[in-house]
Amino acid sequence: MFYREAGDFKTSYAEDNQTFPIKFDRYRYWLVLAVAYLVIPFMINDYWANAIFVPFLIYAIAAIGLNILTGYCGQVSLGTGGFMAVGAYACYKLMTAFPDVNIVFHILVSGGVTAMVGAAFGLPSLRIKGFYLAVATLAAQFFLVWLFNKVGWFYNYSASGQISAPERFVGPFAVTGPNAAPWAQYMICLVFVTVCAVVARNLTRGTLGRKLMAIRDMDIAAEIIGVNPLRTKLTAFAISSFFIGISGALFFAVYLGAVEVGEAFGIQKSFLVLFMVIIGGLGSIFGSFAGAAFLVLLPVALKFVGSDLMGWPTDLVSHLQLVIIGALIMFFLIKEPHGLAQLWRVTKEKLRLWPFPH
Amino acid sequence: MKMKKLAALAIAASVTAAPVMAELVIPDLSYRTGPYAAGGTPFSDGYQDYFNLLNARDGGIGGEPVRILECETGYSTERGVECYESTKGEGALIYQPLSTGIAYQLIPKTTADQIPLHTMGYGRTSAADGEVFNWVFNYPANYWDAASVMVNYLLDENGGSLDGKTLALVYHNSAYGKEPIRTLETLSEMHGFNLTQLAVDHPGQEQKSQWLQIRRERPDYVLMWGWGVMNQVAIQEAANIGFPMENFIGNWWAGAEHDVTPAGAAANGYKSLNMNRIDDLPVFAEISSLVHDAGNAAGDGSNIGKVLYTRGMYAAMLAAEAIAKAQEIHGVAQVTPAMVRDGMEALEITDARMEELGMAQIGPAFSVSCQDHGGTGFGIVQEWDAASGTWTALTDYIAPDDSVTGPLVTEDAAAFAAENNITPGCL
């Protein structure tokens, strides 16, 4: 009735090529943006910002980054935590070396630095595939964490080996440091998420995305039809690392404020982001958001229901959380291997046919 | 859809969960799960049991009942932040997170929110400088004190000279484990011993290569900054390579029953520091009868009297005394976090008071001032007797070398102040 192409006439190529061909989707998209930009900033408090929205937005960027590499280009990576650490440490070094430059530029440059590091670690992908590549990226993960722990220059030789974000402003508003207002932290993450998502969506819709998918589906065939595997794979690593670097910089500067590399960017972070991508849906930007939301919100929701509503002991809730999340991951992998994004796709398909399903 | 329902539920409940003001709210950021649970559980049990005892015996502190908000962090900084944000709105009076990583997160946050943070024997050492860290306290002792106490003890053992000896530091590769390095480096120059640093990565189960190196280099003493599962593994590995246990000294977070029991008889003679005495204190009988028998025990009630249980109870006692002091200063029973901070800064723990509380000699007598948030820094050295399964104190309280730690604290605090544009001063 309301969700279908019929009656929505396109009169130009630009209209025909737009991201959301269905009118309802376009309205929904603008509505989500309006709520995110015009409603939430006025309602948000410390708890909602620091426990839910800021981590969700930051993980969404990381998931988009990994999705480009793993979902679109088919290169499995277990180095996400290490690449996030590169973004965080680059941001820290830039923040302390150039205190007068705006933090937004620092975050963007951190993404650039991570892109270079990511491309360097992507070189083995030209020779090895699948599990072997996963092991090579795993090496990147351990090497980078070790490096940031070992070399004092990266943490400015602080006694504890921690890096902590000094207060930085965008305009008159503090976005990092303890005095940052929750809405300011939320807004800077939201702006980065919006830009990253729009850029990623359009990259993957265009020539580049098709090249990536060609490599993913069959690299030899792709090479035969003229896709350069060297350039394509390295581009995938660089773009993916760029997004992951941005998320690492935001994770350190805006969300946590002080970071210890082994604890914050360990192997468990790589797995967490990989789970987000798998649960959300490989090869889908919406899936990255869905996966991030699922894995950020679920523990908070379970904790809330278990300890605050039911009054169960906190250790029981914490153990249950592991059980439930593990069970849900298995459930999704069996019942819906294409992730939450596939559920959404099926829903849309059903809506199109409604009310006359066949 | 599921997410929307859960989110709606969360919104509905956060609206209904308005703070109740007629209580003293004490958050307990505990960890009873994960690789550090072995240490986190007894500490949290002792912490909560003491407040429950105050509720049962005295009706709270100054007539105000205490409400404990337990929040599981799993020793993870991200969940620690989540716990902090979810509890601070309820009127939390004081935070004691029992994690150096979380403490580093909370130092700027609690300062901005004006809630006192007490990191007893952990956290950022330079927080002892109260003029820079107005809202952070780390009495009665800190890591640099611990390092100095260890070296002083070894000096004493070796007739006053450590010249030419080799000390190996096995440390948790995190802010926690790296804290003592600066002091030990200064001390090694001062006393002429060599320092070998061996980092162990989180969570600490993999230490083969570190102990292989110790086996090869045969240092005279091994010092350890470990926590959680790392301690058990280290003691087992030390036993495996036949390192003499009497030359192996852990800090006060590496000296509890659960750290040594897995190695069995091989752990006999292992030494560690302690900042509180362990004894059969009269207060345990009260907790047993008034809290445990009433069915209010935190956890399963099996940890009473253990090293970390005693320390958790000690932490709770220090918080309760500070709140009582705040009530006395401000003349109101319902204190605010700012008032508790005043109480902490005016805190004075005397031997007579500890005896009155049924925990005679549990810690050294000390007093806090605006300048000095660090207490005395005293520590005792204790030894594990595997046959009887008990820790025996080998020494009385040993004083740290303040002439070494003092300037380091001042220097580090000044650096922090410069980095964060703080003008040192009293509130």
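Cβ from N, Cα, C; glycine included.
According to TrEMBL:
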- A:27-44: transmembrane segment (TRANSMEM)
- A:50-69: transmembrane segment (TRANSMEM)
- A:76-95: transmembrane segment (TRANSMEM)
- A:101-123: transmembrane segment (TRANSMEM)
- A:130-148: transmembrane segment (TRANSMEM)
- A:183-200: transmembrane segment (TRANSMEM)
- A:236-259: transmembrane segment (TRANSMEM)
- A:271-296: transmembrane segment (TRANSMEM)
- A:316-334: transmembrane segment (TRANSMEM)
Best-contacting stretch, by C-beta pairs under 8 Å, relative to the transmembrane segment (A:183-200) and drawn from A:27-44, A:101-123, A:130-148, A:271-296, A:316-334: A:27-44
Winner by Cβ pairs under 8 Å against the transmembrane segment (A:76-95), considering only A:50-69, A:101-123, A:271-296: A:101-123
Candidates A:50-69, A:130-148, A:236-259, A:271-296, A:316-334; stretch with most C-beta pairs under 8 Å toward the transmembrane segment (A:101-123): A:236-259
Outside the transmembrane segment (A:271-296), six or more residues from its ends: residues with CB under 8 Å to it: 52, 55-56, 59-60, 62-64, 66-67, 70-72, 77-78, 80-81, 197, 200-201, 204, 213, 216, 244, 325, 329, 332-333, 338-342, 344
Sequence-remote partners of the transmembrane segment (A:50-69) [C-beta within less than 8 Å, at least six residues beyond its ends]: 40, 44, 75, 77, 80, 83-84, 182, 185-186, 189-190, 192-193, 196-197, 200, 203-204, 212, 236-237, 239-244, 246-248, 250-251, 254-255, 272-274, 276-277, 280, 282-285, 287-289, 291-293, 295-297, 300
